[in-house]
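S.K.: Please read through the structure below; I'll follow up with questions.
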Amino acid sequence: MAWAVRSLRRLQSAASSSQAVRLLESRSWIRNPRKVDVCAGQNFVLKQYSSETFWEVHGASLRTLSTTTYTTHEDASTTHEVSKGGSDDGTLTLTSKSPPRVVFILGGPGSGKGTQCQKIVDKFGFVHLSAGDLLRAEIQSGSQYGDMIKNMIKDGKIVPSEVTVRLLLKAMEDSKGEKFLIDGFPRNDENRAVFERMTGIIPEFILFFDCPEDEMERRVLGRNQGRVDDNKETMQKRLKVFIDFSVPVVKYYESMGKVHKVTATGSIDDIHTTIEPLFEQFSEAHSTGESQYATGKFDTSPTNN
Ligand SMILES: Nc1ncnc2c1ncn2[C@@H]1O[C@H](COP(=O)(O)OP(=O)(O)O)[C@@H](O)[C@H]1O
Ligand SMILES: O=c1ccn([C@@H]2O[C@H](COP(=O)(O)OP(=O)(O)O)[C@@H](O)[C@H]2O)c(=O)[nH]1
């Protein structure tokens, strides 16, 4: 934790001298709140390198003076200028929520991802987020992206990453959950990279449902949920997209030793029995506070503005 102490000292000296601090790499989660004493009327600049981080700024009488967004390097960054109002000195506390834990559920169309997620949710209290369901809800909401998403789903194509990741992040925030099953995402390498860049989250592990194509097709064509993509023609396209783009994502995580491959052809209950121990282990590790999280760098330094 040496870096944290160093950062805090810098934050304090910045607060007392140049009246401003800059937060770097703030897309990473911070585990512990930082506190810094402030003098009345002091201004702070809190710089966020992603619009999707979960910063919270607390402090007696803190007022947001302005929020501006601009681009530095490839990242959108947001500056919040806050000032402590009133005449009393006080404490500025920077906190972030504790990082959520994420398990990606991957597998071809009809491999049983949603079915198994439901059983895990019932038993282990995860929040289940199906990327496909979120996209379908976005179409229903009358969003500006509705037609584009609908056409892409009908054609079995992968919706642009920014759209899907924003929906996932919003759902994560809205749910207030702490552990998530993200089902049917990431579907290609860009999905994976954008999610990591926007959240700083590395998944705990990946559950991959391995299912023969003819079985997946049989299940999808028998699913009967009125989906525009559950037909023979779109299914062929989805299978090709799965092999060309999604399987490489599984391989990527395999190279990191994060994939648990499950044969998806048994009965629903048998498959659940196979995967249950993974979530039992996860729950035990979680209760003792262990995590495979990669938290990124967090630093603070004085700024002249
Ligand atoms: N192990 C299984 N054996 C037979 N049918 C299954 C099995 N798992 C799921 N199904 C059925 O197959 C269809 C597709 O399952 P679903 O969970 O929606 O797949 P995915 O989310 O991977 O697209 C559903 O109708 C579901 O009831
Ligand atoms: O991250 C995602 C998830 C889904 N989709 C689109 O939504 C469709 C349906 O996905 P879903 O996961 O609901 O279906 P499944 O593959 O489980 O049958 C996909 O074919 C894609 O067109 C997407 O573009 N990005």
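In case you wondered, yes, glycine gets a Cβ from its N, Cα and C as well.
Keep in mind it's a predicted model, so treat the numbers as computed, not measured.
The ATP binding site annotation in TrEMBL covers Gly110, Ser111, Gly112, Lys113, Gly114, Thr115, Arg223, Gly266. If you look up TrEMBL, you'll see Arg136, Lys157, Ile158, Val159, Gly184, Phe185, Pro186, Arg187, Arg227, Arg238 marked as ribonucleoside 5'-phosphate binding site. The CMP binding site feature in TrEMBL is assigned to Asn191. Under the heading region 'Disordered', TrEMBL lists 286-305.
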S.K.: Would you identify the secondary structure of Ser111 (ATP binding site) according to DSSP, in three states?
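M.R.: For Ser111 (ATP binding site) - judged by DSSP and reduced to three states - the answer is coil.
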S.K.: So which of Ser111, Gly112, Arg136, Ile158, Gly184, Arg227, listed as binding-site residues, have a Cβ under 6 Å from an atom of ligand 2?
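M.R.: Checking each Cβ against ligand 2, the ones under 6 Å are Ile158, Gly184.
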S.K.: Check the binding-site residues Ile158, Asn191, Arg227 for any whose Cβ is under 6 angstroms from an atom of ligand 1, and report them in sequence order.
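M.R.: Those binding-site residues that pass the cut-off are none, since no Cβ is under 6 Å from ligand 1.
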S.K.: If one looks at the chain holding Arg227 (ribonucleoside 5'-phosphate binding site), which residues at least 6 apart in sequence have a CB under 8 angstroms from its CB?
M.R.: Arg136
S.K.: For the ATP binding site, please report the maximum Cα-Cα distance among Gly110, Ser111, Gly112, Lys113, Gly114, Thr115, Arg223, Gly266 in Å.
M.R.: 17
S.K.: Let's check the environment of Gly110 (ATP binding site): how many other CB atoms sit within 10 Å of its CB?
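M.R.: So the number of other Cβ atoms within 10 Å of Gly110 (ATP binding site) is 25.
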S.K.: Nearest to Gly110 (ATP binding site) by Cα distance: which of the binding-site residues Ile158, Gly184, Pro186, Asn191 is it?
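M.R.: Checked the binding-site residues Ile158, Gly184, Pro186, Asn191; minimum Cα distance to Gly110 (ATP binding site) goes to Gly184.
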